[in-house]
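Engineer: Below is the structure I would like to discuss, written out as structure tokens.
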Amino acid sequence: MAAALQRIEQLSSRVVRVLGCNPGPMTLQGTNTYLVGTGSRRILIDTGEPSVPEYISCLKQALAEFDTAIQEILVTHWHRDHSGGIVDICKNISNDATYCIKKLRRNPQKEEIIGSGEQQYVYIEDGDLIKTEGATLRVLYTPGHTDDHMALLLEEENAIFSGDCILGEGTTIFEDLSDYMNSLKDLLKVKANIIYPGHGPVIHNAEAKILEYISHRNNREEQIITVFRDNLEESFSVSELRKMIYKNVPENLHKMAEHNLLLHLRKLEKDGKIFSIASPAKKWRASL
């Protein structure tokens, strides 16, 4: 069972978590959004989903409670549970200037429209520094979950805002497994102490959690390889493999499990360990 999280919680002298009020199987307790800094204007990391008035109320309450305003908005990646609240924030939380909303570009590049186009993204790059009173954030390009995903290193705390690259509970989904594994290895090199994840509770041993994620994916890959090694003459569909490998996963997570399996299969095919055939549905078998 997911740990209970307060809707507004001060996590450190410079980090306040405001829960997105959008709980679900994919979002856990909801999206974690963060106010970062110590001054009268702070950085907001992520924005939750569109049309969640409870979140806007919580964010207003947090701004009032800590006597602060939003300096700018950083979006860790394009998914709607992280970028979807931008329009509602701009519409319902007054600011003395137009909100500056920053993120990494999609890769390959594509046009991104916020709402009906009143706001536009300001694109930032890997290694950029974003500063506010009491906090310095360094942009870390961490593709894999999405092609535009970024984590942010809070230098004053040696802490990482991990977006959906690493979650406080369970594991995440990804678009490209090779990119994702490289991003995990890059985050490991940072040697951070703490992770503030995009969903779930704070992670207080960053290195152990990242190593756990890397080990989990390597173990999953080994499970898949073992199935093919033990059945050299047979071919398997994604759903057949899911029944063998994700035996205890509840039905509402079957789609996510199959998505992750498919990405493992693509990586193994790229590595030359298996090949795919159409029969008539796509299946895979071991490369002899």
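Each residue, glycine too, has its Cβ placed from N, Cα and C.
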Engineer: Need a hand: Swiss-Prot gives Asp81, His82, Glu118, His199 for Zn(2+) 2, which of Asp164, Asp271 is also on that list?
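Structural biologist: Checking Asp164, Asp271 against Swiss-Prot: the Zn(2+) 2 site match is Asp164.
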Engineer: Under a three-state reduction of DSSP output, how is His77 (Zn(2+) 1 binding site) classified: helix, strand, or coil?
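Structural biologist: His77 (Zn(2+) 1 binding site) sits in coil per DSSP, no helix or strand.
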Engineer: Are any of His79, His82, Lys102, Asp164, Ser235 (the recorded positions) within 10 Å of Lys273 (N6-succinyllysine) when you go C-alpha to C-alpha, and if so which?
Structural biologist: none
Engineer: Calculate the distance in Å between the alpha carbons (Cα) of His79 (Zn(2+) 1 binding site) and His199 (Zn(2+) 2 binding site), and round it to a whole number.
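Structural biologist: One finds 13 Å between the Cα atoms of these residues.
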